[in-house]
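This report refers to the structure that appears directly beneath it.
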């Protein structure tokens, strides 16, 4: 026998304290599957022939009674008269049975078999329900020959008396043929029929019950959409209510309020839908304290009740079937339950059995019945190709039709009729009922249009009643006569006598030109034609009317949004055939809103090239934590994540004591779970805390209970303070032994009358963040305290850099089985030089999931959830085995599967419309190859599956062939180091070394510049001076440097500047000869380059631009020389080339110093520059100054004692001369990381970004201009009073004999040893 695997639904685990107790209670419930024996007995074989019936029979030998598995009686099985989709084989099991499996065969020794079929079941032989699996009406695969049997284990067992098999497909060589067997076991349950009036009261043994744990189990069936199933309440405000609300199950529970008033203990949870289908539904409520499992038909919701209390305090009784008459007035308007219940159990008591034995109060019942009274509805199920034709009165002047319908589709033709001289259409348009009556006769045209209702495609039953007669039409929805729509337009009605419901035939034959092109998909019942119920039994027998593709006596509507597969708050929207998720505003994307659109950390944003800013992060990706905002500070070597809180700095505290402490709650801009996700993955965290005090003690003693403590993560109290550590009840001054009073370990513990402070950093990240501070000593006269709790700052992200290197093809890491049944996502980075390799795989019985590199250009994602293997591949245009990092993201859910490589190459495939949806795995998860497959050689990093990062490094430490970590990050991320920055490898990442550039920042993109006040200068010396007493080796090295570096045949110069004053020297390069290079602003503000390399009587000058560049705007100059060729580019204009005269030398001899802003040289200096450009010197901004690979301005600003650069005068670091932004920023519409205007929850501490407060900026600018003008005026007045020529600098001879003297004098000037220089410097500094 061929067996198809059983795919059980994995029920979520109960809360651990309840497991054994709940199991004992639930296993005692009558009607449950017996636990002592397997429910696998043959149920059909022992039945008599009369228990089998069918739609038709081919001949006597093919009767349904012969349709028993492995039997050869008659013609060897059942075959119908016609092989079409209207045939069925039915089995009456005699009583209700538990059914666990079904098996089929073809007709013996024939070409007749069934290849696909549906299973329907019922308690009464009416109102059939199709078997559902994986969210669909399930189609079972049948046979491929006449002899072999195919058995299917039901994913969930069913309880029924009648079973009906409906063939969907059959042998191409023959016709429909069937033999069957049904497997299951005995089922019995106590049943009570509730008439909508009676209530069963379960009285407690004591007046008041304090209940800490509950198990309530029952099964119910009803055709009503509303009604209270059970209710209990207490005088303290506690209550529990289970009720049907619009055919959904609503559980309301409240465990009470505290003495300070309401704490919002009310909790409401909804599950299920379409529960008014008159079929059995199973409910189990398991509660332990505030933890609740709420299960409906095997779908469990876990939740935790609101409030703080654990006990359910109920008075007197628990009522089943409705609200007790002694209930509160608010509950009086709720309907009682009308229908049937069975197997009612409350904490081990069988309520139905107690009621049967009259142990409970059932006095409210008029006629208590212990059998289920069935309703007499006859539903009709329509698909897209269905129609139902019913007869009516012809040639009558009154039209009257009515029916109930339910659907998910907003559009569809419900009813059509050809009148004697016109047409009638009743349709659903955008969830509203629209009626169009058109009558045409010789006299005139009559038309009546009616529209009513809204949102009628909500899956609920809705009633329509239409009456039309002479000059009158009325449309009523859901029996609401008050809101009925009427028309009194001139109208003449003569009925045609035939009505078509469902629309398919009408659209095909009658409504070719109708705007409506969609037939109705849904259910109808209670159909009235001419005020008479339609005889659908006669229709079923074929004696009245006609139909096509209609399922009679069955409503197969499915709620595809229950359970809701849209995750993270995505909104589920459905039609008859499927559902879609709207993810707007959730922070997630994908078919089921599973994948986060944000990066997991600031570290990840940095490595996308982002700079410091405020970002949304989602540390667990597709996990339960939502995205939240943080401040990201990208420094040169670290990435800091900061989460702010709402406690104002220096919050005053008074009136607290040890007996009654003041509790300060510290709330953050993220939840505690979100903050914990940051601290868990961080390398280091810190939080500043400060306690300012006056006569307010903090800790007081090292071993006693402190006056003040703080509460951290996990609600644990901590008795140490900032600057100290766990277990050390001291402050920072106690650790450093520098408290103001040595007898105490905290400054505040001295109880001084003066203000003191104890502050420091809390750095034990497992305790952070601070959530509460309890202060206990501010109630004495004169006592005061002020508390400051800074933001939480964490550095690094271990998850992002968690990596492993696979060094042998057979090496792999193993982890626990991957749990991704209905929704799974996998994301990681890899780098390799190998052409192929398996990244990871996990196996099941036949299910599996695998990701691998199939070739240097192809990544494959393959899986099987029971429908056969599926493989997605993406092909990269560039090789993926280039030893660079590549990012892989794969996702599978009930809607689609997606594979994404490097955020560029994408492949996707929709899930089949019907099929298995649950991925069931049992082996370990293998990262790398296992079982002899093609092994992976290389690195895998940041492997995250369903929001959980796997610790590859920890597992790699104990696994042969695998090493923790991975080197070579610069090959992938080195491109982010710009402007000459060098990428430096780190164990857990990389950093950009900007030392040799004129830039700073994490990617060497931030200009380093300075503001030069009058007289300020920077000097960079190219020649290291030989010091007396230096070693021979150092003198030789100096000599080698001189010979190698000081003679230049090419220069590269670049800088930007802004100024409003001219003339000025921007840059000057001197030498020990008369050679020099100068870039100056002439008196008219134009830019000039001066070269003197010898051989010419006058310096070679280049007038770069005649415009006035001293206009306060930023300008950039780039200049290069190679031998005689000089190229100059100003701003973003094209570069211009110049040529030195042939007489000019091409070698820049003995380069000595570079000056910025002003020349302060002891050797030869061009007299024209000194006289015309050097006083008062450059005033303005210089930025990103570079000369032949050195950054003189940056070196001077980062100066130390051994630096070759120094500055005189007032020089302040600033980026005021930085290049302006010439590329427009990315628009909000195209920037995936663009933040909306949503502020942090606590914006009183948020730093206002530049440009936000525009009014303040304008006022500040005006004040600054006024102050600057006054200072400039004073400057010129003072300098006029104390001016002198500075002839010492201009008259120094540049001769060989005076070279040594000049060098020593120059050294003296820069060391402030010359008296004349000291005086001038002092005056300029004072100014």
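Yeah, the Cβs are placed from backbone N, Cα and C, and that goes for glycine too.
Here's what TrEMBL has on this protein:
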- 939-966: disulfide bond (DISULFID)
- 39-185: domain 'F5/8 type C' (DOMAIN)
- 191-372: domain 'Laminin G' (DOMAIN)
- 377-555: domain 'Laminin G' (DOMAIN)
- 557-594: domain 'EGF-like' (DOMAIN)
- 593-643: domain 'Fibrinogen C-terminal' (DOMAIN)
- 802-966: domain 'Laminin G' (DOMAIN)
- 967-1005: domain 'EGF-like' (DOMAIN)
- 1026-1216: domain 'Laminin G' (DOMAIN)
- 1291-1327: region 'Disordered' (REGION)
- 1-31: signal peptide (SIGNAL)
- 1257-1278: transmembrane segment (TRANSMEM)
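Ranked by Cβ pairs under 8 Å to the domain 'Laminin G' (377-555), the stretches 39-185, 593-643, 802-966 are led by 39-185. The domain 'F5/8 type C' (39-185) and the domain 'Laminin G' (802-966) are in contact, since at least 3 Cβ pairs between them lie under 8 Å (pairs 6 or more apart in sequence). In sequence order, 803, 804, 805, 831, 939, 941 constitute the residues six or more apart from residue 966 (disulfide bond) in its chain with CB-CB distances below 8 Å. In terms of DSSP helix, strand and coil, the domain 'Fibrinogen C-terminal' (593-643) has 5 helix, 19 strand, 27 coil. If you average pLDDT over the domain 'Laminin G' (1026-1216) in this model, you get 83. Sequence-distant contacts of the domain 'EGF-like' (557-594) (same chain, at least 6 residues past either end, Cβ-Cβ under 8 Å): 132, 135-137, 271-274, 299, 381, 384, 406-409, 459, 521-523, 616, 618, 622, 626-627, 822-823, 825, 891, 893-896, 898, 913. Applying DSSP to the domain 'F5/8 type C' (39-185) sorts its residues as follows: 9 helix, 71 strand, 67 coil. Secondary structure counts, DSSP: the domain 'EGF-like' (967-1005) has 7 helix, 12 strand, 20 coil.
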